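Accompanying notes for the structure given below.
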Amino acid sequence: MGIFDRLKQSLTRTRQGLVEKIETLVSGHKSIDDDLYEELEEALIQADVGMDTAVDLIADLRREVKARGVREPEQLTSLLQELIGDILGQETVPLNTGGPPAVIMVVGVNGVGKTTTIGKLARYCQSRGQRVLLAAGDTFRAAAIDQLEIWGQRTGITVIKHREGADPAAVAYDALQAARSRGADVLIIDTAGRLHTKSNLMEELKKVGRVLGRELPGAPHEVLLVLDATTGQNAISQAKLFGQATGVTGIVLTKLDGTARGGVIIGIRRELDIPVKFIGIGESVDDLRPFHAGEFVAALFDRRDKETV
Amino acid sequence: MIKGVKQMVFSGLAEKLQETFRRLKGKGRLTEADVDEAMKEVKRALLGADVNFQVVKKFVQRVKERAIGQDILDSLTPGQQVIKIVRDELAALMGGTQSKINVSPKPPTLVMLVGLHGAGKTTSAAKLANTLRKTGRRPLLVAGDVYRPAAIKQLQVLGQQLDVPVFSMGDRQSPVDIARAAVEHAVGTGRDLVIIDTAGRLQIDQEMMDELAAIKAAVHPHEILLVVDAMTGQVAVNVAEAFNSRLGLDGVILTKLDGDARGGAALSMKAVTGCPVKFAGVGEKLDALEPFHPDRMADRILGMGDVLTLIEKAQASFDADQVAKLNQKIKNVEFTLDDFLEQLQEVRKLGPIQQIIGMIPGLGSMKKMKELGDIDDKELVYVEAIIKSMTPWERNRPHEINGSRRRRIARGSGTSVQQVNSVLKQFEQTKKMMRQFSEMGKSMKKGGRVPGNLFTGKGNPLF
Ligand SMILES: Nc1nc2c(ncn2[C@@H]2O[C@H](COP(=O)(O)OP(=O)(O)OP(=O)(O)O)[C@@H](O)[C@H]2O)c(=O)[nH]1
Ligand SMILES: [Mg+2]
């Protein structure tokens, strides 16, 4: 399947889902009443928005309904989408520029999709005419270097690597030198997955950042935190602690091709000033897309997978 | 300050419920309105821990029914009473400890690991091999993930580290054929435990789910374990339901519990599949797989911390005399820098300090505790050098070590004044933590049953 078919497919699913959801939510209600509000709140919670954020959103919604004199249940959902859009930002935020090379560090907890995202991101940059270099900064996990190298082969991009167990900061340093001498526009650095609560491992990340900054003022220009959409409220803690340690500049929300909605990013966005820049919608090299709040919100109310409890 | 620390430790649901019930003092029976109020807090705690919304709804309903009209026992406050009901229900729902796998009377026993992408299947496969080998099994690991780049290599490297054989046929054969051949291979080479790693997949991907069903039909695993990330949100129920209805699960491995996730997914899993969580992954190392304790998980989900694990670890590590001596010293504020050094070495025996601190909610996010957790082995050398550069007088009166003394100590130990400062600060923190250990220990010794006592007993620091 080509890239456009894929996009279309995932979008259609999203739209269908939204329409269905709105219809079922709203059709049962002749007027805006407490039941409707409650159902919307439940839909938000089931999308991992979190109870506190969901409650606040519904309170805001009630206020807006009053202020604008909204009467039709149909208008509620679009109003709610607008409110969430205000939190998430209506504009698509592009990657930070800088360098050359523009240095992108990719961080996150274990298994969220960092390495896969790097493969996709490399293709994305490539398709915009940029020369890309990859750095195998995960020197810890078994076969992590081999994994990135396979993505390098798939995209025809060179991977700078050391051996397993090497100092990730040294890999980053070498990669930066290589990127300069080869005239690369973008350098993307993989890092080992780590739990945000392990301060020694967070120090290691800080060190990578410091080494890059010393060699190239302003680097890393982008620190992308990869969040798995299936993650619940713990993602807030991840965003906070990775943010504190590495100054995260953007979020990539992966695995949105599943049934998870990733609603937790609304809470994250309320508390922290980190934009979501990309979403991952599959395992192939083309399955990365810039984030659009509107589409995301539409998908929040999608129920492809009926509740079964 | 000590009081502050304790409040941080036990903040969360217990405290909120205490607050809710404070104004109810003197009432002899829980009314519906009281309980409704309390249930709001319980609901918030459970949702905050990512227990699935539907599961929460049902759970709260059940607890409410049990709580309304109950006489408040003499020994308990209304808050304690509700917590006790919530906790009992939660622990009961999660079932007893069942960290056993079904062993086939006719070897080899076949275990298959399944789950979403990035849940931790490959690492868990290796950990399981390691754990079960210790019970005398002869494991064979099977590289059944032919899709993710370098997944086979990953398992091979882990197998090598453990010195456990890994069966692979590359990534061009179907996982069904690989599984079949692996079983033959195990029989031929006298392996009595076959652990099959599979690729991560979405529960809505029919083709990929069919593949798992085909492996099952081909080799009939004795044990199919769903590997679930402890950080999983609301979707956990859909995932569990889909895998269970297609494959018939035998148990769950909950991974990444060494972080600060409250792990509500554990409850959702059990509620949906009826399968017990059998093992918990608590670190990246290959020995970081533990039996799962439902009662402790209940506390964690409720935000009460894995205090029991901590106490148990502390008990196993400190001998009784030492604890008694230490308690005495702490009470008399005699705890000195010499003791500190000794304790630092002892506490480290409990495991990585970060992990210990992480078990106590509130503590893990306290900056000061973080500083304490930052002590690593290398730093221990400095700590030792610094303490040894102090005079006996100084070691007994750390709070009287002024600026010029600090400078001298820094020179003498080849460190900086900042390092000396930070050791003194860490000393103060440890003193506080030790005092907490000792208080926990005290409340445990008084009453018989440990878990009940900690949360409901009289004279307990919680209430
Ligand atoms: N369905 C789906 N799977 C994804 C997506 N992104 C990554 N994955 C899968 O998630 C799994 C883990 O991805 P990795 O890229 O290895 O994750 P990582 O964060 O680099 O993992 P560690 O380096 O081990 O911490 C792999 O099976 C990927 O194929 C996505 O958007 N959708
Ligand atoms: Mg990786």
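Backbone N, Cα and C atoms are what each Cβ position is placed from, and that goes for glycine too.
Model, not experiment: these values are computed from the prediction.
Going by TrEMBL, these are the annotated features:
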BINDING   A:108-115, A:190-194, A:254-257  GTP binding site
DOMAIN    A:275-288  domain 'SRP54-type proteins GTP-binding'
Protein Cβ atoms within 10 Å of A:Gly108 (GTP binding site), excluding its own: 27
Candidates near ligand 1 among the binding-site residues A:Gly111, A:Lys114, A:Thr191, A:Arg194, judged by a Cβ under 6 angstroms: A:Gly111, A:Lys114
Binding-site residues satisfying Cβ distance under 8 Å to any chain B Cβ, from A:Gly108, A:Gly111, A:Lys114, A:Thr191, A:Leu256: A:Gly111
Three-state secondary structure, which DSSP defines for A:Lys114 (GTP binding site): helix
Secondary structure at A:Gly108 (GTP binding site), reduced by DSSP to three states: coil
Helix, strand or coil at A:Leu256 (GTP binding site) [DSSP, three-state]: coil
Binding-site residues whose CB lies under 6 angstroms from ligand 2, from A:Gly111, A:Lys114, A:Thr191, A:Arg194: A:Lys114
Overall pLDDT of the domain 'SRP54-type proteins GTP-binding' (A:275-288), taken as the mean: 94
A:Lys114 (GTP binding site) CB neighbourhood, other CB atoms within 10 A: 26
Intrachain C-beta neighbours of A:Thr191 (GTP binding site), sequence separation six or more, cut-off 8 angstroms: A:Met105, A:Val106, A:Val107, A:Lys114, A:Gly137, A:Asp138, A:Pro168, A:Leu205, A:Val208
